[in-house]
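Going by TrEMBL, these are the annotated features:
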- 28-37: compositional bias 'Basic residues' (COMPBIAS)
- 154-227: domain 'K Homology' (DOMAIN)
- 26-70: region 'Disordered' (REGION)
Amino acid sequence: MEASSNVTPEVITIVDSEVSTDTFEKVKSKKTQKRKHDMGEVEMESEDTVAPKRPQFPPVSGDRLKGGADEMRKIPVPSHRYTPLKENWLRIFTPIVENLQLQVRFNLKTRNVEIKTCKETQDIGALTKAADFVKAFVLGFQVEDALALIRLDELFLETFDITDVKPLKGDHLSRAIGRIAGKGGKTKFTIENVTKTRIVLADTKVHILGSFQNIKMARTAICNLILGSPPSKVYGNIRAVASRAAERF
């Protein structure tokens, strides 16, 4: 069929227009704008927050730190330590009052040694040192050994039960205590001298006084004796550990 003459094809004319490249502008992405804005804020903040000089405050006295209220510690004394406490009371009383500037008394009703701070107390840790000193004496240490807790900072007390290491009963428990003590206390003295600690055997309790590393060595040796190791083997082990520790220092 022939197309009707009324329909005329559309002619699309394209007009070339001269477009100069100078009119194009580079569009900045929002991310870069935001990043630069944030960096500008950071720079402004850094300029504003210049590290000022560290303020100098005068030392605070112990009376102000404790808030003006006196603190008290109570150390219970078992009945078998009454007589030693009475005999050595002057030697216990003197360093607590004269050196640590504390107040101390023995309460006959409650059977406690009570230590209290006062206005003359300067050191905040004096109360803790005095309480550890009295506690060490109550546990069975000599006054000279317990005094080291006042003079030195790196000393600690550790207590454990023999039955915590191995659940022993009857004669087995007695033999374990005998292995720790040795004949005439020889084994205990050897462990004390090699590890530079002090050890007290009170029934099934073992109390150790010394530095952290030395307590660890002494505790390991005592645990090996409880578990059944012969003393000669334990001597060799602690001497080897002690020599390694001496070389390290």
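The backbone N, Cα and C atoms fix where each Cβ goes, glycine too.
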### Query
To what whole number does the mean pLDDT across the domain 'K Homology' (154-227) round?
92
### Summary
For the domain 'K Homology' (154-227), the DSSP helix/strand/coil residue counts are 43 helix, 17 strand, 14 coil
